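Novice: As annotated by Swiss-Prot, Mg(2+) 2 binding site applies to Asp38, Asp40. The feature Mg(2+) 1 binding site is assigned by Swiss-Prot to Asp38, Asp40, Asp70. The feature motif 'GSX(10)DXD motif' is assigned by Swiss-Prot to 26-40, with similarity to another entry given as support.
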Amino acid sequence: MNINEIKRKIIPILLKHGVKRASIFGSYARNEQKETSDIDILVEFGEGKSLLDLVRLKYELEEVLGKEVDVLTYNSIHPLLKDRILNEAVDVL
């Protein structure tokens with residue numbers, strides 16, 4: 001599965017869950033993914049979303065993609081990793 005296939009599959013789910021902004025980072029963004037690679041996604045929700053909403057989003061993304069998905073919010077990126085992650089991120093929304 002390439003990054004364009006991932007985008008096509010996840011955009012409707014992201015919109016359904018109230019995501020305002022999203023990017024893919026990590027091995028898929030660098031085109032270095034392996035069969036065992038997870039998919040790393042950054043999201044920014046609209047107002048009023050909780051940790052439970054993040055868990056629901058992660059679960060639905062994993063169901064559709066058939067792979068493990070790590071979902072982070074832009075605000076939760078560790079400061080020491082932030083520049084590297086944002087530089088390699090590929091925008092989805």
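Every residue number used here counts from 1 along the chain in the order it is shown.
Cβ atoms here come from the backbone N, Cα and C positions, even for glycine.
Buried or exposed, and what's around them? Tell me for each listed feature.
Specialist: In sequence order, Ile24, Phe25, Gly26, Ser27, Tyr28, Ala29, Val69, Asp70, Leu72 are the residues near Asp40 (Mg(2+) 2 binding site), counting only same-chain partners six or more apart with C-beta under 8 A.
Asp70 (Mg(2+) 1 binding site) carries a strand DSSP state (E or B). There are 14 other CB atoms within 10 A of the CB of Asp70 (Mg(2+) 1 binding site), with all protein chains counted.
If one looks beyond the motif 'GSX(10)DXD motif' (26-40) by at least 6 residues along the same chain, the residues whose Cβ comes under 8 Å of a Cβ in the stretch are 3, 6, 61, 65, 67-70, 72, 88-90.
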Novice: Quick check: in three-state DSSP terms, what is Asp40 (Mg(2+) 2 binding site)?
Specialist: strand
Novice: For Asp38 (Mg(2+) 2 binding site), what is the tally of other C-beta atoms lying within 10 angstroms of its C-beta?
Specialist: 15
